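K.L.:
Pasting a structure here, questions to come.
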């Protein structure tokens, strides 16, 4: 057995994978797997799959860990019951080379039953990163060892719903939390979605966040048979493998850690069969992200508009996924302190596609420098959980400048008020958005702006007032904590903009989507902005009023409550069509997925976009078709 001290050193990478004996590596992989399945991961999925497990497989391909289903940990009841059906694990491939070997095995098995490679049909689904279970309609079981599992039917009694309101008894699936929901409501409380998912399953009483997630359908049981699929011939899979993987990975709003490929042909599935751990006709492709190791040159504190201090690591210029990386966020100072992120540290970075690079781990910890005072205003910093915060909200220059630039950025109907402009205004005693709206050309020129720039800035201020925007966007621009665009729109679906400052805690809590803790933050936020709001509102902004939910429910047309995406050049301005669609009870999105009901196309739309939409089950209609279904 490994001591806890040794395990901690491996986690911190004081001891690297190549320094472990084979037996130590095997024990650590088992320990990490148990922690993951108990909902308390000790290392990231990427590190487990691509560093530790990959090394173990290379050293000991016949290790028992690769021959049987991983145990699910001690978080579930000791008493196990027989599962209605076997729930095997899935074999994994981490490269095209490994996928090719699986395809070769399919071809050989096909030849034994007279099935040509081109006749083999394949389907692909997202590989969910949740808690596996089996729903027989009466009970829900954990996967356990694949034969016996624990009864966790309590999660349905707590109100957990099934994906797409599909009903019970659909067999194997996973308990997951929507990615968008986690990022909106839970990311500040849980490091990984799996930590939160485990709280839904355990026997202890649910906390407020778990109850809200169930009520909001942010957490769901997803039967595998209800997942969206790609299907096609083996020939097509080989020819378009990367494209298919990219397509399937974004099919659902859940954490996905790969793509599951499986044979459709029944006779071939029967021929290939299974071993003790997995079906031979099925495989999960898990793509390794680009990972580099780089030295940290400096760690600088950055003050956000809310006062949170973000550590920014300056690193040696490094090419990663086609981009040169010189700076990367350290997330918060709690992590800096815990991981030893300091000058001279060696860190592991990853970047997938166009995603912002992030630090996976600190390979070589160094002494850290935790600031005592705000870099901007000099006031002492305080700890709020894992975050260092400057509480000098009214007078901190960085926070003031951040709030002003945020206001104009969120309004999105103006140009010119970026950080350079606002910093110059601040240097001349401009401390609020309301003060900016009192400026004129002469004052701007006296501050040091040229005549042409001054005229343009005043023109942009006038534009921001006259150009129509949604009332919820106007409210969101004030930057209240937890009041982004979505929550502002939700609030204004129940109350008029000028009435919200008199709302009680109870009135906000009664709005669907706002728990008591969020309501408390909203009440405090409204108090903090009311004076500035009144100063700015007097300029009579051209605001589009949000339709109340109760009024939307009186609308009756074919597209009511449907999700649509507009694309291409429209006869009507596309932004106006989006706004009107919302006014008549249509849910407007910007990207195609299986959740979308209709794609409304104008001119100049690529055939590939239309084909992709149709593959996902999205109905395609022209602008004329759309207009005929609603009253414009």
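Here the Cβ of each residue, glycine as well, is placed from N, Cα and C on the backbone.
Swiss-Prot lists 45, 46, 47, 48, 49, 89, 90, 143, 174, 286 with the feature NAD(+) binding site. The active site, N6-AMP-lysine intermediate feature in Swiss-Prot is assigned to 127. According to Swiss-Prot, the Zn(2+) binding site annotation covers 374, 377, 390, 396, on the basis of sequence analysis. The domain 'BRCT' feature in Swiss-Prot is assigned to 561-632; the stated evidence is sequence analysis.
For the listed features, I'd like the structural context: burial, neighbours, distances.
P.N.:
For residue 47 (NAD(+) binding site), applying a Cβ distance below 8 Å and a minimum sequence separation of six or more within one chain yields 360, 361. Classification of residue 47 (NAD(+) binding site) by DSSP places it within a helix.
Cβ neighbour count for residue 127 (active site, N6-AMP-lysine intermediate): 22 (other Cβ atoms within 10 Å of its Cβ, all protein chains included).
When secondary structure is read from DSSP and collapsed to three states, residue 390 (Zn(2+) binding site) falls in the coil class.
The DSSP breakdown of the domain 'BRCT' (561-632) into helical (H, G, I), extended (E, B) and coil residues amounts to 26 helix, 18 strand, 28 coil.
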K.L.:
Spatially, and counting Cα to Cα, which of the recorded positions is closest to residue 90 (NAD(+) binding site)? Options: 127, 374, 396.
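P.N.:
If we rank 127, 374, 396 by Cα distance to residue 90 (NAD(+) binding site), first place goes to 127.
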K.L.:
Which whole-number value in Å describes the distance between the Cα atoms of residue 174 (NAD(+) binding site) and residue 127 (active site, N6-AMP-lysine intermediate)?
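P.N.:
So the alpha carbons of residue 174 (NAD(+) binding site) and residue 127 (active site, N6-AMP-lysine intermediate) sit roughly 10 Å from each other.
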K.L.:
Tell me which of the binding-site residues 90, 374, 390 sits in the most Cβ-dense spot, judged by other Cβ atoms within 10 Å.
P.N.:
390
K.L.:
Say we define neighbours as other CB atoms within 10 Å of the CB. Which of the binding-site residues 49, 174 has the fewest?
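P.N.:
Among the binding-site residues 49, 174, the sparsest Cβ neighbourhood within 10 Å belongs to 49.
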K.L.:
Which residues in the same chain, at least 6 apart in sequence, have a Cβ under 8 Å from the Cβ of residue 396 (Zn(2+) binding site)?
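P.N.:
Within the chain, residue 396 (Zn(2+) binding site) has Cβ neighbours under 8 Å at 303, 307, 374, 376, 377, 379, 390.
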K.L.:
Between the Cα atoms of residue 127 (active site, N6-AMP-lysine intermediate) and residue 49 (NAD(+) binding site), find the distance and write it as a whole number of Å.
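P.N.:
Residue 49 (NAD(+) binding site) has its Cα 14 Å from the Cα of residue 127 (active site, N6-AMP-lysine intermediate).
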K.L.:
For the recorded Zn(2+) site formed by 374, 377, 390, 396, which further same-chain residues have Cβ atoms within 8 Å of the site's Cβ center?
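P.N.:
Nearby residues not in the site list: 303, 307, 373, 375, 376, 378, 379, 381, 392, 395, 397, 398, 399.
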